[in-house]
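Q: What TrEMBL lists as domain 'FAD/NAD(P)-binding' is 2-289. Annotation source TrEMBL lists domain 'Reductase C-terminal' at 314-381.
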Amino acid sequence: MVGASLAGLSAARSLRKQGYDGRLVVIGDEVHRPYDRPPLSKEFLAGGIGEADLALEPDDEDLQAEWLLGTRAAGLGSAPRSVRLTDGREVRADGIVIATGASARTLPGMDGLAGVHTLRTLDDARGLRDELTRGGRLVVIGGGFIGAEVASTAHTLGLDVTIVEAAPTALAGPLGATMGGIVSALHADHGVRLLCGTGVKGLSGETRVDGVLMEDGRSIPADIVVVGIGARPCVEWLVGSRVQLADGVRCGADGRTSLAGVVAVGDCASWYDPRAGTHRRVEHWTGARERPDAAVAALLSWGESEPGIPRPPYFWSDQYGVKIQFVGNAARADSVTIEDGTVDDRNVLAVYRRAGHPVAVLGMNQPRLFMRWRKQLAARTS
Ligand SMILES: Cc1cc2nc3c(=O)[nH]c(=O)nc-3n(C[C@H](O)[C@H](O)[C@H](O)COP(=O)(O)OP(=O)(O)OC[C@H]3O[C@@H](n4cnc5c(N)ncnc54)[C@H](O)[C@@H]3O)c2cc1C
């Protein structure tokens, strides 16, 4: 197992559940045992929970695994299936699960400038949380989900918050322009400025950031800056190997890679989506938790089993006390209609359709109705 986070841990659990009782080695470059990332932009950042609450393993769980933490994989080794580590060691295996996730994208010129943060790891969250407790003006670069959640948390902590987003509407990528606009109106409801349609040229400040320079010439003063411009799959260690890469590790509909005995799961993996007929990398907690079951089944029965159809991708987000839930693929839709609730109350159930058939569903504070639709969508498309 390369990657000791949600997808790696879930794959280890699946292996044991599916009867594998051999040697299991988990290699992870962070020094921490697996922890949960969603609270890093929510309750943990707000100070509502501590580090112990992030643990993904219950105290009594023992997977009989060898944990090589603080250890980075440098590549696949020369043996048919082996992993080369940066310290020179090589781990040989009968099967390999690639679960190296993704890392936050950065902006040129941000390295070494105090007050500028990305948010992906526990260490990132510790640093940002310390800074936010001092208050001041926060500028979030990027109006995606992580940026929006950081803005919402910082607002509750009393900071003065501005979000800048290069696209004409925030969240248009995952939700489409109409619903992206409706969900991101939550910022204005709470007095958080959302400036769309202009890119960022750079950051100002000598040793510490003091502003964000916009492409239209404006300068937005800042005491703290969070760069939330997406993530890139951690697959550089596989470049030059026989594992095919294309926006992450290219996989079949059950996580099989181009190399026999090697599967990939979680944020680093671009699985074939039989519904859309294309490959798609999803960076969602539920996919990292659920899909390892299928990948491990494929690993244990290589060449003997046919891939099933994974459940449609699902994610949630919490912003300003509103629960946002989404399932499916908005990019496939040719229409979207609000089926329940009202936009003004920020209480909406919207269904995305293609040629009249549902392909995605969005809920804002509609957990029960949303769950019904989620089940229906999974049943329809399986
Ligand atoms: C702040 C934040 C909030 C989020 N909120 C939500 C949410 O509300 N809802 C939702 O659905 N999803 C959310 N997510 C996404 C969710 O957390 C991810 O989808 C999930 O963590 C993916 O798990 P993973 O194991 O695939 O990857 P990761 O959690 O990224 O873990 C990969 C691990 O592999 C390690 N690694 C990388 N390269 C190597 C190497 N060469 N050798 C060894 N180890 C390596 C990494 O350091 C890391 O520890 C959020 C993510 C973040 C960062």
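Quick reminder: no glycine exception, Cβ is built from N, Cα and C everywhere.
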Q: Tell me the residue counts in helix, strand and coil for the domain 'Reductase C-terminal' (314-381), as DSSP assigns them.
A: 18 helix, 37 strand, 13 coil
Q: On average, what pLDDT score does this prediction assign to the domain 'Reductase C-terminal' (314-381)?
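A: Taking every residue in the domain 'Reductase C-terminal' (314-381) and averaging pLDDT yields 95.
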